[in-house]
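Right, one structure below, let's go through it.
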Amino acid sequence: MSASVAVYRNIYTEDRFRQTYGTEAQSSGRERLRDRLAQRCRCSQVECVHLLKKRLPVCSWLPKYKLKKWLVGDIIAGLTVGIVHIPQGMAFALLTSVAPVYGLYTSFFPVVLYMLFGTGHHVSTGTFAVLSLMTGSVVEQLVPIPLALNSSSPEAAEFEAQRIGVASAVAFLSGIMMLCMCGLQLGFLSTYLSEPIVKAFTSAAAFHVTVSQLQSMLGLRLPRYAGAFSLFKTLASVMENLPHTNLAELVISLLCLAVLVPVKEVNSRFRKRLRTPIPIEIITVIIATGITYAFSLDSKYDIQIVGHIPAGFPEPRLPALETVPQIAGDTVAITLVAYAVSVSLAMIYADKHGYSIDPNQELLAHGISNTVSSLFTCFPNSATLATTNILESAGGHTQLAGLFTSLVVLIVLLLIGPLFYFLPKAVLACINVTSLRQMFLLFQDLPDLWRVSKIDFMVWLVTWLSVVVLNVDLGLAIGVVFSMMTVICRTQRASCSVLGRAANTEIYRSINNHNKCYEVPGVKILTYNGPIYYGNRSFFKAYMAQLLGLTPERIRSREKALKAKEKREREAISSVEQGVADSSFSSKNDLLRPEMSEGEVQSVLIDCSSVIFVDVAGARLFIQMCMECQKIGITIYLANCNESVLKILTSSGLMKYMNPQHIFVTIHDAVVYIQQQREKPPETNTTVWV
């Protein structure tokens, strides 16, 4: 059964519609600002409670906690993630170029703080491979360690203190930046790191992590390169030193990979059937530590081991703040990456489970987490891909799972930590490499990305190549700039098309894509699918000139023709007044009616529904077009203008060159008005019938 719709109403210009349906005059900007400030500064018990729940979300979700329904899931998920945090934290500490114990600290303090201040129910925070890699590059640049340095010497301890001081300073400055961004409500900045950029960046960074771990897996003692082409420099150094490979560490690495890779694949494929994933990392760490201790592999085969891990908490101390000027640039990139990854993960799981997060509160949570934890010798932290996935798949429901995660790490710090003295560093390197499985699998998205958007595919490819070939920081910057350039290019090259009307309807569509939509005789209806600003005004002008034939030659010829016609009309009118009228003129209106050939454009109607904004340059272009069209006898009409566009056009003086009654609410209002103007003189009560 076909349905139909019939509408009979007045024709509405913007002025008439505003008079009929508009609101009363709004208060001034100063009054609105004063009202908002007064509302923000209002102090009451209700407002204080609301502020407390907003800034300390644990006060909001904890009283509503469903003990019987959620507690078991949170305990299992929290303990599982805690077990994963132990080997992963120590492994990522080596990636940061600091001692493994600092990875355990970074797996404890941020988890507790995010539980109190975070809004993501399924987010697990701690060490993250990409941040560790970026921080490690900064540490290596500022505090390089000589290859011949004995790890048990006092100089080595001094170098280690300097290194963690720099890493903590990066975390401190990153936290301060996040807190400032929260104060300025700059949570939206993470949107500049689009999904293709984040995925390409993390995938490319996985290659850097893998290559940087080769020397530990092969038992080589090589310098760590930083800057452009660091990946290739590291590969060349590894290839050059392959003859010096420690065979014992190579065997350990191969055995670890042979165990870790298949078990992780089982965890991934059967995660719906497994109540909790198999904790293969901690099992591997325990077995490798026991074998190394039992057979004295460190002394017999010169295997690099973790060494002393002090029990207990670190004493609070200030980071190396004197290095802030040197680390500021790198810290900006680290901060943006940490926040973008954290918010992206939080949003993914929030959408999946039907709740919302507050991006600015996430800034506050991660800002406090990094700032406070840096005082306890922690390096930069964020939400992590692997542990967040484990937390959700293991049945976690709320942030309370973080409490049980931190308890596991706390037990290791207080009691078990020193037992990992004989843990080979090659095992931690293998854990680093195998933890990147999800990042390498991001290549699977490329075919779908190519099919959906070739521009996003190019953004992904350029970002990936830039990060791999150049460096993590520089590659990310190139990816962001290239992504923004694609947006600018798309607004510059926005399409301009001619609209036609579907017969007996008020629907207007592009005649290029709808061959049964026809142009209204004498009216050229144009639509431009983008903003009109200084960057694309020349393209917009070229499109309009091409579609309307506004060439300088035509404008001059039509000007001459119009002046000649006006002269003839004045002579004819004077003849009529003298009583010697020509029989070809029936009235004064006929004399003044323009002589246009059939099919020639008499009116131009611009559909502004897709014009989201106009700047001063765009408004001046409208004025210039009005003047040029007036010279050749064409009248311009506008339709579907939003409030901001209409305000800028009006403020720029467009109404001096255009009749305000030629701005309509819809395209059909304008078309009916134009047709009625041709058929009869204007009336006060015009209507539109569809």
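Heads up, the Cβ atoms here are built off N, Cα and C, so glycines get one too.
Note that the structure is a prediction, hence the values are computed from the model and not measured.
For the ranges 274-295, 428-449, the feature annotated in TrEMBL as transmembrane segment maps to 274-295. Between the transmembrane segment (169-189) and the stretches 70-86, 92-116, 331-350, the greatest number of Cβ pairs separated by less than 8 Å involves 331-350. For the transmembrane segment (274-295), the neighbouring stretch richest in Cβ pairs under 8 Å, chosen from 70-86, 92-116, 242-262, 455-488, is 70-86.
Outside the transmembrane segment (400-420) by six or more residues, the chain places 62, 65, 70-71, 73-75, 77-79, 81-83, 85-86, 89-90, 100-101, 104-105, 107-108, 111-112, 114-115, 124-125, 285, 289, 306, 308-313, 391 with a CB less than 8 A from a CB of the stretch.
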